[in-house]
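According to Swiss-Prot, the protein carries these features:
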CARBOHYD  ASN357  N-linked glycosylation site
TOPO_DOM  1-45  topological domain 'Cytoplasmic'
TOPO_DOM  90-105  topological domain 'Cytoplasmic'
TOPO_DOM  127-138  topological domain 'Extracellular'
TOPO_DOM  160-184  topological domain 'Cytoplasmic'
TOPO_DOM  206-216  topological domain 'Extracellular'
TOPO_DOM  238-319  topological domain 'Cytoplasmic'
TOPO_DOM  341-367  topological domain 'Extracellular'
TOPO_DOM  389-399  topological domain 'Cytoplasmic'
TOPO_DOM  421-426  topological domain 'Extracellular'
TOPO_DOM  448-479  topological domain 'Cytoplasmic'
TOPO_DOM  501-506  topological domain 'Extracellular'
TOPO_DOM  528-532  topological domain 'Cytoplasmic'
TRANSMEM  46-66  transmembrane segment
TRANSMEM  69-89  transmembrane segment
TRANSMEM  106-126  transmembrane segment
TRANSMEM  139-159  transmembrane segment
TRANSMEM  185-205  transmembrane segment
TRANSMEM  217-237  transmembrane segment
TRANSMEM  320-340  transmembrane segment
TRANSMEM  368-388  transmembrane segment
TRANSMEM  400-420  transmembrane segment
TRANSMEM  427-447  transmembrane segment
TRANSMEM  480-500  transmembrane segment
TRANSMEM  507-527  transmembrane segment
Amino acid sequence: MDESSGQPDVHTYKSLAEDGPFCSVEPPKRPTGSLVMHSMAMFGREFCYAVEAAYVTPVLLSVGLPKSLYSVVWLLSPVLGFLLQPVVGSASDHCRARWGRRRPYILALGVMMLLGMALYLNGDTIISALIADPRRKPIWAISITMTGVVLFDFAADFIDGPIKAYLFDVCTHQDKERGLHYHALFTGLGGALGYLLGAIDWAHLELGRLLGTEFQVMFFFSSLVLTLCFIIHLCSIPEAPLRDTAKDTPPRQAPQDPASSSDRMYEYGSIEKVKNGYVNPELALQGGKTKNPPAEQTQRTMTIKSLLRALMSMPAHYRCLCISHLIGWTAFLSNMLFFTDFMGQIVYHGDPYSAHNSTEFLIYQRGVEVGCWGLCINSVFSSLYSYFQKALVPYVGLKGLYFMGYLLFGLGTGFIGLFPNVYSTLVMCTSFGVMSSTLYTVPFNLIAMYHREEQEEQRQQAQGGGLDSSRRGQGLDCAALTCMVQLAQILVGGGLGFLVNVVGSVVVVVITASAAALIGCCFVALFVRYID
């Protein structure tokens, strides 16, 4: 706060990508190879997600985690992500690192993912090597493993926002659409490969005997894939850094209407005014006569309170998109998090609570294995569908894709719940892939279109001498969408267990997923705003 004027501190940043004043520079068209390299981060992330889905439950059970702490493991990560996601998204909008705004955050979160995997896949081995007291070993093993799971989930959920914002910053609108389709394609391929490797019995293979256990084998593959994918991703497309121009320019006169300035300070997204290449157009200064170059960014000193107020004041069409994303992820996670358990108990009629050498438990394990193959089918079909999405858009538009994704998933899960047959269930897993591809592409395409429309409006206002008052950074908008994933995890983790206990059967899981998806159909058709 400046004591002499009573106004909040204001810093101005300028993108090194632009030189001329009053001109908005369109990023160059990106070759397919660069977009594929950019998508490798999604491949690596989803590969590690699949490994976690296949191994985290056996790992937690092997270290003796009490059932009372099981829900804590799955709730801690989304709660932390929901609270911190917008903060990091906003901070990345005005990061001044020399190699860009998004890549430093992506690198840090990638390292956190690697550390989380190291802890939850090797926690028991680490503790056995460090602690000799058998009475202390279980407590430390549980603590280390839980920390690893929470850290990995937190970073893996978190990283989606900066990756999407990175794509939006450096690409034209057409390349953004292409990039999102490649993201969905490689997300499915990464998940499929992760599930396939998780289905192999490494204990009876030479590599398993060499590394010790199948947990160490999967850590070897996961760390190798994740490291290579993120190196390729970070080298895919250069980012233009922001530089601080406050030291190079004389102080400006304070606005004549401080109250108006104070009100704008808490508008949605007003905590950062990013002008980095294609991200934002011309900026008209308050006062009317002087304009900043379009590559400038005005950043006010922010607090958590101001950030929350900014998010609460988001425009209606952004809010509706976030709600539809929340409904979609609630439906999707309701099914995916409990699908293998549904296969073991309902489809195969096994019993997870019986003795481990009993026929009922072995049948349950067989159902879980087949459920993993169903998730593999989901990943493969997600990749295929993401490829065909580009061909479908000219005919049905984004509205048709959004509606169709929710509808097919709702009908597919409903059919599985009503007719729990092995073969029909595996066939219906293709509808999971449609929903997955839809959630990873359409909402972010809409965000890109909203920003493109706002850029055109702001450019027209700047040419006409008007005042630009509705600027947002794409990092914050992507983070707001990603927050809905964490909120959906909180709702599913806290609510579905209660429903299962009340009903007495896990069939309520797929019925809930179906109902939520069909409600989402109505919402995306009636309330989400689409741009032709």
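A Cβ is built for glycine as well, from the same backbone N, Cα and C atoms used for every other residue.
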Tertiary contacts of the transmembrane segment (217-237), as residues 6+ beyond its ends and Cβ separation under 8 Å
30, 34-35, 37-41, 43-45, 47-48, 51, 54-55, 103, 106-107, 110, 113-114, 117-118, 121-122, 163, 166, 170-171, 190, 194, 197-198, 202, 207-208, 211
Under the DSSP assignment, what numbers of helix, strand and coil residues are found in the topological domain 'Extracellular' (421-426)?
5 helix, 0 strand, 1 coil
Between the transmembrane segment (368-388) and the stretches 320-340, 400-420, 427-447, 480-500, 507-527, work out which stretch tops the count of Cβ pairs under 8 Å.
427-447
Return the stretch with the most CB pairs under 8 A relative to the transmembrane segment (185-205), choosing among 46-66, 320-340, 427-447.
46-66
Taking the transmembrane segment (480-500) as reference, the highest number of CB pairs under 8 angstroms among 46-66, 139-159, 320-340, 400-420, 507-527 goes to 320-340
Sequence-remote contacts (6 or more beyond its ends) of the topological domain 'Extracellular' (206-216), Cβ cut-off under 8 Å?
55, 59, 121-122, 125
Simplified to three states, DSSP reports ASN357 (N-linked glycosylation site) as coil
Chain residues in Cβ proximity to the topological domain 'Cytoplasmic' (160-184) (below 8 Å; excluding those fewer than six residues from its ends, i.e. six or more beyond)
26-30, 32, 35-36, 38-39, 41-42, 45, 85, 88-89, 92-93, 100-103, 105-106, 109, 233, 237-239, 276-279, 382-383, 385-387, 389-390, 393, 436-437, 440-441, 444-445, 447-449, 451-452, 473-475, 478-479, 481-482, 485
Within the topological domain 'Cytoplasmic' (90-105), count helix residues (DSSP H, G, I), strand residues (E, B) and coil residues, in that order.
7 helix, 0 strand, 9 coil
Residue numbers, six or more beyond the limits of the topological domain 'Extracellular' (421-426), whose CB comes under 8 Å of its CB atoms
343, 347-348, 370, 373-374, 377, 415
Near the topological domain 'Extracellular' (127-138), which same-chain residues lie under 8 Å Cβ to Cβ, leaving out any that are not at least 6 residues past its ends?
63-64, 144
Run through the topological domain 'Cytoplasmic' (389-399) and tell me, per DSSP, how many residues are helix, strand and coil.
11 helix, 0 strand, 0 coil
Looking only at the topological domain 'Extracellular' (341-367), what is the model's average confidence as pLDDT?
84
